Structure formats: structure tokens, C-alpha cells
């Protein structure tokens, strides 16, 4: 039995080393994501090694007490850092001051290091028997805290990526929670680190998929995801298609520089997401082109969202009068009324019709980019 467990642990550690190598060579992940992922991986390797050591040296042989104690210190000290590091992979940019998030894990580590002398988290008798200490609850609290942080970031990332893969991400969290909880409740069942190892691989695969489907600058779905969703709408036989195009974006770049141009794109993307996320998924289709696709929205939903977007855009332009205008066009695809390509062309044609109107109206006396206000809903044919 012990031999099988040791062999399984070795395979888990080799899998983690391979994952670390793959993460290091992945150009989709930025430096901080790689750093936190690598931290989680190497902590997992050390804890697997520690748990294997406690199994090997945990037999009631007095001469084994010192290595038994050493491996328990390693395992209890590092375990809470794994899920916290994984949480920072999910959302490392959201924190300005992260030290307090590690405080429970650090306190647990300090008490664990003192445990061989004072028996706080655990104690090992002269006969090499393991006992939980009076402060074992600190380890449990640090574990619960780290899982809470991971759950919070799981919800955040689901919202950030428009909840499209929310269910899969929550299942992944429940998998790691369930696998680790079993061993907390039943110490003789060694499921934790096999579960954690597999979870890290699944989280990595999930992140690679997210990165491939999302635009780096705006956080919206990218062109590839847009093409997939168009195919989905075509198979469904119904879909709402809304296009956006930033007016005179080249002039913005030429006049204010590409850094400000990127800022404008991010701002507009945020406004689109804020206004349309309730009815569909938002995409950056090209340089200054955006889209929203929905398999459930009707014309009233679209017009209400467009009105909300116009209000949000006007409010933002009151704060920054250099923020450009945005032209819009939409159509509703019905399989019985024509192909989805025809619906796309219709939305495109409407967009450029309103772009032309924008240019005409901004040339009128007394109208500037700062006070320009356009009610698209008033011009939309019914």
C-alpha cells in the first residue's frame, strides 16, 4: 500500500515539474501570472514530497521522529499558500496591497515552525506518534481563508470574462475544494495532492483557453470567439447582431498618440460591456471595431441597451471631451428570412449610415465632440 502511494506521489511530482516547464514556455501568460502559477506548482511539489515523507516516516519507530517532524513542518507551512497563489493567477492585477491576504498563511507558518518545540499545530511523541495541537484550528482557518480567496477570484474572473465559462470554472473550484476537504475530514484517505495536482493542470488548460478567446487590451472576447459565436447563432437559427465602430480613430491616434488611443478603446469596450452584458456577449472584432452577439435579445432589448450605451458614452465624454463618438448598427437574424451573412451586411450598412450622419452633424455650427448627443433609437427604423 505504501509503495503504491509513494509511486503515485512521484508521478504527481513529475507531472508538476512538466507543468512548470510548460508554463515557463507559454507566451500567453504574462510574467506575474507565470510567477504565481510557478509558486503554486513548486509549493505543491514540496507538499507532496512532505506528505510522502510523513507516510514513510510516520510509523511508530522512535528513530523516525525527527524526519517525521520535519516533513510535517513543510506540509503544514506551505499548504495554504498554494490556493492563494492560484487565486493571484486568476486576478493578480486587482490588488495594490496583497500582504494582508497572506497574513493567515504566514501566521500558520510561524506557528508550524514553532510546533516541534511547543506543539502548537501538531506534536510528535517520543514514540513517533502524531497528535494535533491546540492551535490546529489556525491551520484550518488559514486553509478556509485561502479557499475563500480562491472562490472570490473564481467569481471575479467569471464576471470579467462575461460569465460564459462560469459553470466550468465553478465546477473546477468545487473539484479542488472537495478533493482537499476529504482528507481534512478523513486523514487516512490521501486525496488532497493528487486532486491539487490535477486541478493545477485543469486551471492551466482553462487559462490557456481564456487567453486564446479574449482580447488582451480590452478584456472582451476576440475575433476568434466572435467567429465561433456566429456559427452558434447560425445553427440556432436566431441571433441579434450589433456592431460598433469608433469614429475618426486614426485622427485620435495621430493627434494624441497610440497610448491614448488604446485608453479610448479600453474605455469604450468597458462601456459596451457595461451596457450590453445583460443581453449578450461583447467582442473586439478588429482594431476599432466591436460587436455584441446574442441568441435571446429582441429589438426592444437592443434599443434599450443602445440607449443605455449612448447615455454612458455621453457621461464619459463629459469627463473626457477627446473621447471619440461611436457609430452603431444592428440587425436580427432569422433563419427563415435570410442567411446570417445577410444579417451581418444589414448591421454593417446601418452602422456606416449612422457614421455618415455623425460626420454631418459634427460639422453643424455649435456642435462639438464635447456636447454632441445622438439618440440612435430615434433614427432606427421599425
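For all residues, glycine too, the Cβ spot is worked out from N, Cα and C.
As annotated by TrEMBL, domain 'GGDEF' applies to 237-367. As annotated by TrEMBL, transmembrane segment applies to 6-24, 36-57, 69-91, 98-124, 136-155, 167-185, 191-207.
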Positions on the same chain near the transmembrane segment (69-91), where near means CB under 8 A and six or more residues out: 32-33, 36-37, 39-40, 43-44, 46-47, 49-54, 57, 98, 101-102, 104-105, 108-109, 112-113, 115-116, 121-122, 124, 130, 139, 142-143, 145-147, 149-150, 152-154, 156-157, 160, 176, 196, 200, 203, 207
Within-chain partners of the transmembrane segment (191-207) [C-beta distance under 8 Å, separation at least 6 from its ends]: 8-9, 12, 15-16, 19, 22-23, 28-29, 33, 37, 40-41, 44, 47-48, 51, 82, 86, 89, 165, 168-169, 172, 175-176, 178-180, 182-184
Tertiary contacts of the transmembrane segment (6-24), as residues 6+ beyond its ends and Cβ separation under 8 Å: 34, 37-38, 41-42, 44-45, 48-49, 51-52, 55-56, 193-194, 197, 200-201, 204
The domain 'GGDEF' (237-367), counted residue by residue under DSSP: helix, strand, coil: 74 helix, 28 strand, 29 coil
